[in-house]
Amino acid sequence: MSMRENLNISHYLVIGPENTLGRDPVAIVDQAITAGIRCVQIRAKESSAQEIITLAKGMAQTIAQRHLSDQVCLLINDRLDVALACRDLGIKVDGVHVGQSDVPVEVCRHYLGPDAVIGFSAATKEMLTYVQNLDLAPIDYLGVGPLHPTATKADAGYYGDDDKIHLHSLAEIKTLAAATPIPIVVGGGVTVADLTDLVATGVAGYFVVSAIAGAQDPGQASHDLVTTWQAASKGEDSHV
Ligand SMILES: Cc1ncc(COP(=O)(O)OP(=O)(O)O)c(N)n1
Ligand SMILES: Cc1ncsc1CCOP(=O)(O)O
Ligand SMILES: [Mg+2]
């Protein structure tokens, strides 16, 4: 079964060297996947293509050493070229996450092929209208945020039409999840304290940078996120 068919985005870590307080991102990924994180996106905005390839190689090796290559999805943020280079070099990268101003999703699908995982996020206040008019065929999941203001992505929620940061409310996320046929992950300042509310919106998962990469103990932080989400999901099922 391909990673696309087996995709689990419930527990999703976004990580780059700028987020780890000087620690090795590969070591943090190792702790996170051991604790149950099942999707990892390399978002290294200050790194060269070569540096991203080296990170991907280290993370793919760690995932393989843990015998999780069929279960943990490894994605590259923004850089279709780097994802393709990784594949050419024999590094198991499963796909890309792109935004509205990045390489179009149809182009990513064309070059990466039918088995690749492609995530998309849109920078808009009107997510529902945007998604209702979007061709979802090339996309496997939607990244939605920010839920809270976040220093990790200073422009998240800033759309330039006024001076405000626009957050996505839980009510809006719930409406979006009900109206969207593909899974949604929510991020932006997300911590363990948000997970019960997020499960109740019906989204497929959460994504975090700081809550794991900036934690004193990334393994413990990952464990707390994973178990809290799982417990809340069980509670939600028993209400049905
Ligand atoms: C899972 C996930 N969701 C949203 C984003 C944001 O992507 P984008 O809008 O392209 O912004 P940058 O991350 O490139 O700054 C994401 N990376 N991951
Ligand atoms: C990549 C991204 N897209 C929307 S918010 C965000 C960053 C989330 O980082 P953090 O979990 O540290 O707030
Ligand atoms: Mg982007």
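We count from 1, first residue shown onward.
Backbone N, Cα and C atoms are what each Cβ position is placed from, and that goes for glycine too.
Database features, via TrEMBL:
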- 12-212: domain 'Thiamine phosphate synthase/TenI' (DOMAIN)
- GLN41, ILE42, ARG43, ALA44, LYS45, ASN77, SER121, LYS153: 4-amino-2-methyl-5-(diphosphooxymethyl)pyrimidine binding site (BINDING)
- ASP78, ASP102: Mg(2+) binding site (BINDING)
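Per Cα geometry, SER121 is the residue among the binding-site residues GLN41, ARG43, LYS45, SER121, LYS153 nearest to ASP102 (Mg(2+) binding site). ARG43 (4-amino-2-methyl-5-(diphosphooxymethyl)pyrimidine binding site) falls outside any helix or strand according to DSSP and counts as coil.
A Cβ distance below 6 Å to any atom of ligand 1 is met, among the binding-site residues ILE42, LYS45, ASN77, ASP78, SER121, by ASN77, ASP78, SER121. Sorting the binding-site residues ASP78, ASP102 by the number of other Cβ atoms within 10 Å puts ASP78 first. Filtering GLN41, ILE42, LYS45, ASP78, ASP102, LYS153 by Cβ distance to ligand 2 (under 6 A) retains the following binding-site residues: LYS153. DSSP assigns ASP102 (Mg(2+) binding site) to coil, not to a helix or a strand. The 4-amino-2-methyl-5-(diphosphooxymethyl)pyrimidine-binding residues named in the record, GLN41, ILE42, ARG43, ALA44, LYS45, ASN77, SER121, LYS153, extend over a maximum Cα to Cα distance of 17 Å. Under the DSSP three-state reduction, ASN77 (4-amino-2-methyl-5-(diphosphooxymethyl)pyrimidine binding site) is assigned to strand.
When the binding-site residues ARG43, ASP78, ASP102 are checked against ligand 3, ASP78, ASP102 have a Cβ within less than 6 Å of one of its atoms. The distance from the Cα of ASP78 (Mg(2+) binding site) to the Cα of ILE42 (4-amino-2-methyl-5-(diphosphooxymethyl)pyrimidine binding site) comes to 9 Å.
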